[in-house]
Amino acid sequence: MPAGGLIVAIDGPSGTGKSTTSRALATRLSAKYLDTGAMYRVATLHVLNQGIDPADSAAVIAATAVLPLSISDDPASTEVLLAGVDVQKDIRGPEVTQNVSAVSAIPEVRENLVALQRALAAKAHRCVVEGRDIGTAVLVDAPIKAFLTASAEVRAQRRFDQDTAAGRDVDFDAVLADVVRRDELDSTRAASPLKPADDAHIVDTSDMTMDQVLDHLIHLVEASAERSNQ
């Protein structure tokens, strides 16, 4: 594996295996891991906890201007703190999932969190950064960019299985409808819409195992290192 500074940007919608693969890749590369999606989920939870309507942009901006957020960059840790309390389970709940697109679409919210994301990546020096706009907005100069995708049905099934395993009472059709709805919101928002960077490698994970996706990403990292050494 290449040593020294390294930034890998991994983007894509939910249900593509992005988080699991990004954590595994960071571990293989002995790198830090930054889940930017979790940061938007924490912001959404913070808004909901205060009884604010996510559609009230002014109130959301005010509530998230100073966010008491702390997130681990250890790929083996899922700890996410809001005001000192670990909320990693709460931010994956249905209410946050239904509202995170609305909160993250607000330009001022994105500006604040993007500044934090850039600072954390720079501090880590060697980091796998996962999100929806890393290659297109947050770290546009990242030497390695991958965009993971999969069909809506496959992604809905993965989320349904994940929620069921976590003991949540979910309906597949409702999960699929939410996946389609969120895709529409994320890809059409004015601020940093979800789309591949022009220089991103597109990886369709629909029929791939996590190990296959991981091997593919490692190949991209190694190929990038070889080009840099030429």
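Quick reminder: no glycine exception, Cβ is built from N, Cα and C everywhere.
Copied over from Swiss-Prot, here are the features:
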BINDING   GLY12, PRO13, SER14, GLY15, THR16, GLY17, LYS18, SER19, THR20  ATP binding site
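Annotation for SER14 (ATP binding site): same-chain Cβ neighbours under 8 Å, separated by at least 6 residues, are GLY37, ARG155, ARG159, VAL179, ARG182. Secondary structure from DSSP puts GLY12 (ATP binding site) in coil.
Under a cutoff of 8 A between CB atoms, and with a sequence separation of 6+ in the same chain, the neighbours of LYS18 (ATP binding site) are ILE10, ASP11, GLY12, GLU130, LEU148. The residues near the ATP site, meaning same-chain residues not in GLY12, PRO13, SER14, GLY15, THR16, GLY17, LYS18, SER19, THR20 whose C-beta sits within 8 angstroms of the mean position of the site's C-beta atoms, are THR21, LEU148, ALA150, ARG155, ARG158, THR205, in sequence order. Neighbour density at the Cβ, taken as the number of other Cβ atoms within 10 Å, is lowest among the binding-site residues THR16, THR20 for THR20. Its Cβ taken as reference, GLY12 (ATP binding site) is surrounded by 26 other Cβ atoms within 10 Å in the chains shown.
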